[in-house]
Number of protein chains: 4
Amino acid sequence: MKQKAVLAFSGGLDTSVVVKYLQEEHNMDVITVTVDVGEGSDQKKIAAKARHLGVLRHYNIDAKKEFVEKFIHPAIKANALYQKKYCLATSLARPLIAQKVLEVAKKEKVSALAHGCTGKGNDQVRFDVTFGSGSNLPIIAPIRDLNLDRATELEFANKHGIPIDSVSKKFSIDQNLWGRAIEGGNLEDPYAEPPDDAFIWVKTKNLPDKPRYMEIEFENGVPVSIDKKTLNPVRLIEYANQVAGANGVGIVDHIEDRVVGIKSREVYETPGAMCIIEAHSDLEKMVHTKHENKFKSIVDQEWAWLAYSGLWQDPLKRDLDKFIDQSQKTVTGIVRLKLYKGGLRVVGRKSKHSLYRHDIATYGKGSAFDQRKATGFVELWGLQTTEANKLADKR
Amino acid sequence: MKQKAVLAFSGGLDTSVVVKYLQEEHNMDVITVTVDVGEGSDQKKIAAKARHLGVLRHYNIDAKKEFVEKFIHPAIKANALYQKKYCLATSLARPLIAQKVLEVAKKEKVSALAHGCTGKGNDQVRFDVTFGSGSNLPIIAPIRDLNLDRATELEFANKHGIPIDSVSKKFSIDQNLWGRAIEGGNLEDPYAEPPDDAFIWVKTKNLPDKPRYMEIEFENGVPVSIDKKTLNPVRLIEYANQVAGANGVGIVDHIEDRVVGIKSREVYETPGAMCIIEAHSDLEKMVHTKHENKFKSIVDQEWAWLAYSGLWQDPLKRDLDKFIDQSQKTVTGIVRLKLYKGGLRVVGRKSKHSLYRHDIATYGKGSAFDQRKATGFVELWGLQTTEANKLADKR
Amino acid sequence: MKQKAVLAFSGGLDTSVVVKYLQEEHNMDVITVTVDVGEGSDQKKIAAKARHLGVLRHYNIDAKKEFVEKFIHPAIKANALYQKKYCLATSLARPLIAQKVLEVAKKEKVSALAHGCTGKGNDQVRFDVTFGSGSNLPIIAPIRDLNLDRATELEFANKHGIPIDSVSKKFSIDQNLWGRAIEGGNLEDPYAEPPDDAFIWVKTKNLPDKPRYMEIEFENGVPVSIDKKTLNPVRLIEYANQVAGANGVGIVDHIEDRVVGIKSREVYETPGAMCIIEAHSDLEKMVHTKHENKFKSIVDQEWAWLAYSGLWQDPLKRDLDKFIDQSQKTVTGIVRLKLYKGGLRVVGRKSKHSLYRHDIATYGKGSAFDQRKATGFVELWGLQTTEANKLADKR
Amino acid sequence: MKQKAVLAFSGGLDTSVVVKYLQEEHNMDVITVTVDVGEGSDQKKIAAKARHLGVLRHYNIDAKKEFVEKFIHPAIKANALYQKKYCLATSLARPLIAQKVLEVAKKEKVSALAHGCTGKGNDQVRFDVTFGSGSNLPIIAPIRDLNLDRATELEFANKHGIPIDSVSKKFSIDQNLWGRAIEGGNLEDPYAEPPDDAFIWVKTKNLPDKPRYMEIEFENGVPVSIDKKTLNPVRLIEYANQVAGANGVGIVDHIEDRVVGIKSREVYETPGAMCIIEAHSDLEKMVHTKHENKFKSIVDQEWAWLAYSGLWQDPLKRDLDKFIDQSQKTVTGIVRLKLYKGGLRVVGRKSKHSLYRHDIATYGKGSAFDQRKATGFVELWGLQTTEANKLADKR
């Protein structure tokens, strides 16, 4: 009897090549696993492709709800934007997919785990670390191990009768509920503007002439309704993607530091994420003390770095999550966004936990704040600073 | 002979009240100093008002160039956005104005320094700390010391024949080259959208139908040309304000933590600052190593916090500046922005110091990057993380 | 009927003066509260003194167990050393004492809260913030409000027949289970060595000639036994104080930044704290991943800063505590210390959660670590660094 | 003609094996380079050994002065202690040695660079990154590339007639001016106490019966005299090592996270470093503002991390150095240490830049500090904290 390998399968070029490679070079039976994390490809087509490639068994797992609750919600609470820009759509999905692969591996008693990641990207780290955190099985990663480039893969595909999707010829795409990443083609020139046809979620032409307002309601840091409509977690993000995308909001274009040290130019469509994080971040400033605001931005940066860097399973991430969860107990309220032709701005926010007090802040009559207290405050606030300068002047 | 006080004078309600107060309650001669930091009010009108109030002498000091070179440029290098949003326009101008007041004080041998700040805001801190860092003279701050509110001030003005500007009745405004701050009125309700007439620099209606591209060229972190036009430092920022404002870019609306602990809702117009900092920040990611990118974001946050908090003179700021200046030696290059109806996006960047290498990053043929090296990297990268999880599983 | 005030009462000069002051100047009945936080003064003597001063009622509250479990244990988990040196003994006790005062205030329905802190120290902040976090009652702080110095207080005491403790004439002492702070006298000269008679807990002469080993066992970050003796939380710390003090370990002498901006020279005896934190910190490095080790040191610094700065009640501290508690789940094990004539050193540690693996670390035969993996790791680890230097060389 | 390789040569087992390996397996001529970084081995003996092994040429380079000025002094300014304990002795020497090897490589026009590092340690990173930052030559690292363990090396040595030093059989030692690292043997059991014969610099028995005071004078953060004796930079550190070692001070024992992810138990003798850093760190607290103190501790941690991690050449290190150098302009003064039987304590410090002011800090009569100012300070300091708690109570 042949040995079995389980493979995270997307139906694309890379993972199709891996199926054949495992069958022919390793002489193994292949079990494919496709995890539906939303906004995605046709799951039936993927299953058909897997069968066409002669796999032993194909699993299709709907993990959309789990993806939102266990991965996207923590990211929202952490205002997670790697290097201030990237909402981590792919980064968050990979550990989940890898976990599902592990579950199948245990059930099927396979003797190896496989993925189709290259050695240049971040996904290999996320797969390998998740696999290694939950199992001692060997990991087979043929694209990386054979140092294959795209042209060589296409040749291999031709030779082995692997059908190639003509659509993905121009760009390399990865997408899920939380965002869509576009790579390759002329995007590899960081000075060239991304062409309009790179964008599918975000309209770039013929945008509505009137501003669109969006009200997002948060409970303990998690979005629970938009425009006064309570939506289930998956639907809420789809809705935000649609509304923001239709109003031209959600394109990100930046230079990114990959885990392996490569710099890459990355282009994303993340309309829902952009709105939700902007709103969440604004609400936090209303309900958190200034000490929380200052320190949490350091915690948030570390969280995003860990999640991006394939260290989702590191105990540090669990530590950070506890900090963040506690901080979200007051992050309840409503934020009003204005979307207009690609522009996005918070125009209002309210919360029962608001530390903003009109009676203190107002310059109008009858303020509860006695300004005279400030004299002593300011003097002590600046005591060492002024002292240091006076001392320096004397010398 | 009467004692003399020197007063930072803007010509507005607060400082006009202070002139009279010093004259009548302290029986002092008042010397007023107005510092032109750009985009500003009519300097002649202010001088006339000072004379009308019977000051002993009025100084008008043009400090626009110094403001840009010694305050705005360091802020750009630091990507300075307090609490991720505020470009520090007022915060940066205050220490400069206070320094100029000190210079006049020394020349005029006055016996007191005065300002018209309230006890609720941040400006009192910036004035007091700058004053205290350079002098031992007493500081008179009547608005704060008497705990005056706006209504009481208006009464006092009426009684003493101080002319009141009808324009500033709706909002309280502070503006300079780097931005325009709008406070008061219905903006004190953080859930209410700012009305269109709050905005003067940024168009909110009838925006151009075509995208406007803007190319900003940086040398050592400082913008030196826009749209291939080399402009002097002051003119360059005015130009950026005009172009961005005309395309609807530059409105900021957020909740802010003041030094004294008050939360306030702040609305700003900062079109030029928004474009320049977005571009600068993007360029840094191309030329800095990932270690610089990660740590500099902590340095930048601290810099903005210090400048906001009235600690411009703290030795720590000088330490941070040295870090930042060194880091800017490679921040030379061109960033291309797309502005469209309020939306702002970087669409291209290039630099001779770019650490982006197409031959490494490409998924195409002939890459210089040998993917097989990644296998060892990933295993060691995740070594402790996987180890920690395996250990936990055993228990 | 007279109004009532409740006062945190230590029996020392400051608080005795306050009793009289409240009675005579405010015409109030005074209720005194003394909280026993260990290693402390004679509670009966304090009660007698309160009665002698004519208080309405005196409360003596034994809070030793609560002090250890709710204040000292969190500090141990945070390796709390303010400015790398001070174990926060007094800082931790103040919020607890203030809470107890608040409890009495509610029960007694008083109309004011009082403390005897000066305006120069940190304790005023801890009292005021705790009081303000739990009540709207006015706070009376006569020493501060009248700007009293020690000499003036002594006069006042004489005039009002307040007995003065001759012992505390040389130094000003505050002590509890977690440490003993010594201030005043020639210690105010930061260049002068503290005289031997400043020290009571730590032997400075005739120390034992043989090293003393101490084994501290931790469970989830909390010390549970020493020298294989399981001790209750209070007893354990007393024991550590005795053993370490007898071997000359535990004197701290440093320059400290107070909350109000004053620098002071502080001398402490903290024998138990020094041993326990040294051991705890060492054990963490064995069981935490390197990511936890690096980031937790930042969390720890912030925790100590908050606790020192009188911000014990800030929501940020609760957030940090959650991080820290989660991180302590693996901090279980035994640390062996060697104490000898004032020297302290960890000489051994073990834990079932240890991430140290002899089979990986050994340079001996049969290591589980394949060194060849390191080649790829090192190249990618240094990729951007080497790239940046090569690029710089070309220019 | 044979190709040439240049090898960093210590005369120990590893590098001796590499000489033979390069000669026999690569058929190359070997040029050896030994860099004298102090407290070191017999340079003549090493040269003789090199000749015995048949090298083409041997270089002996005295770099002690450069080591102190360009590596140790920056480390002192950064209070560099990796993971709070390790003074980086070896970490600092490696980039310097590698630079010297590069210089020889250029002069000799070799075709490869070689080192004898294993794949488990940190030194490979420091060599490879320094080599890669300054050259494109291939790097040969046979111990790592062949995954050799110590036993196999000994066999190889026997076979090829390489003389083995009997001394280094028990422990593996690396030492230079700044410290001595001891590895191997029973030290690989982290629970076992290091035996006394591991220590050579630090006396562990028959220590002097009287305390030894040591006065270190700093100028701009650099130690310039000890005990009032001005010493050259190299001699000063030797002197500190001698005095501290003779009084039992300077042993470090901790768990360390290596760059490659391995945890190791490390034992060091660093008597001079321990005294100098303790003194420097104390002096900084006297002359730096509290803002500098808090932020510099983060800068210091990052500096130590970079230097340890083989990223000495990263632009971030140069950025950090600029911060640190600026901060040292006030770090001038004298610190008095007391050393006694292994214990070390600062007992006095003074500086013309001291921000400690007796007239402010004193509790005695006539203080320049008006306590009444503190009332307003404390209220605003705690404003948001108390507000947040009151709000929470209402719900």
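Glycine is no exception: its Cβ is also placed from the backbone N, Cα and C atoms.
Where the annotation comes from TrEMBL, it is an automatic prediction and has not been curated.
Sequence annotations record features per position, and here TrEMBL assigns domain 'Arginosuccinate synthase-like N-terminal' to C:4-163.
Classification of C:A8 (ATP binding site) by DSSP places it within a strand. Look at TrEMBL and you will find C:A8, C:F9, C:S10, C:G11, C:G12, C:L13, C:D14, C:T15, C:S16, C:G116 tagged as ATP binding site.
Following the DSSP three-state reduction, the secondary structure of C:Y268 (L-citrulline binding site) is strand. Taking the Cβ of C:Y268 (L-citrulline binding site) as reference, residues of its chain lying under 8 Å away and at least six apart in sequence are, in sequence order, C:Y86, C:C87, C:A89, C:G179, C:R180, C:A181, C:I182, C:I251, C:V252, C:D253. What TrEMBL lists as L-citrulline binding site is C:Y86, C:S91, C:N122, C:R126, C:S172, C:E256, C:Y268.
DSSP assigns C:N122 (L-citrulline binding site) to coil in the three-state reduction, outside any helix or strand. Long-range C-beta contacts of C:N122 (L-citrulline binding site), restricted to its own chain and to partners at least six residues apart, with a cutoff below 8 Å, comprise C:T90, C:S91, C:R258, C:V259, C:V260, C:Y308, C:S309, C:G310. Residues annotated as L-aspartate binding site in TrEMBL: C:T118, C:N122, C:D123.
If you look up TrEMBL, you'll see C:171-386 marked as domain 'Arginosuccinate synthase C-terminal'.
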(request) Please give the average pLDDT for the domain 'Arginosuccinate synthase-like N-terminal' (C:4-163) in this predicted model. (result) 95
(message) On a simple 10 Å Cβ count over all chains shown, which one of the binding-site residues C:D14, C:D123, C:E256 is most densely packed?
(response) C:D123
(request) Out of C:T118, C:D123, C:E256, point to the one nearest C:D14 (ATP binding site) in space (Cα versus Cα); all of them are binding-site residues in the record. (result) C:T118
(request) Report, in sequence order, every one of the binding-site residues (C:A8, C:G12, C:S91, C:T118, C:D123, C:S172) having a CB within less than 8 angstroms of a CB belonging to chain D; if no such residue exists, report 'none'. (result) C:T118, C:S172
(message) With the cut-off set at 10 Å between Cβ atoms, which of these binding-site residues ends up with the most neighbours? Options: C:S16, C:T118, C:S172.
(response) C:S16
(request) State the count of C-beta atoms found within 10 angstroms of the C-beta of C:S10 (ATP binding site), not counting that atom itself. (result) 20
(request) Measure the Cβ-based neighbour count of C:G12 (ATP binding site), defined as the other Cβ atoms within 10 Å of its Cβ. (result) 18
(message) The record lists C:A8, C:F9, C:S10, C:G11, C:G12, C:L13, C:D14, C:T15, C:S16, C:G116 as binding ATP. What's the largest Cα to Cα distance among them, in Å, rounded to a whole number?
(response) 13
(request) Between C:G12 (ATP binding site) and C:S172 (L-citrulline binding site), find the distance joining the two CA atoms and give it rounded to the nearest Å. (result) 10
(message) Using the CB centroid of C:T118, C:N122, C:D123 as the L-aspartate site centre, which other residues of the same chain sit with their CB within 8 A?
(response) C:C117, C:G119, C:K120, C:G121, C:Q124, C:V125, C:R126, C:R258
(request) Determine the Cβ neighbour count for C:A8 (ATP binding site): the number of other Cβ atoms within 10 Å of its Cβ. (result) 24
(message) Just to be sure I understand the packing, how many Cβ atoms besides its own are within 10 Å of the Cβ of C:Y86 (L-citrulline binding site)?
(response) 22
(message) Quick check: of the binding-site residues listed here (C:R126, C:S172, C:E256), which one has the Cα closest to that of C:S10 (ATP binding site)?
(response) C:S172
(request) Can you figure out which of C:A8, C:S16, C:T118, C:D123 (the binding-site residues) comes closest in space to C:E256 (L-citrulline binding site), comparing Cα atoms? (result) C:D123
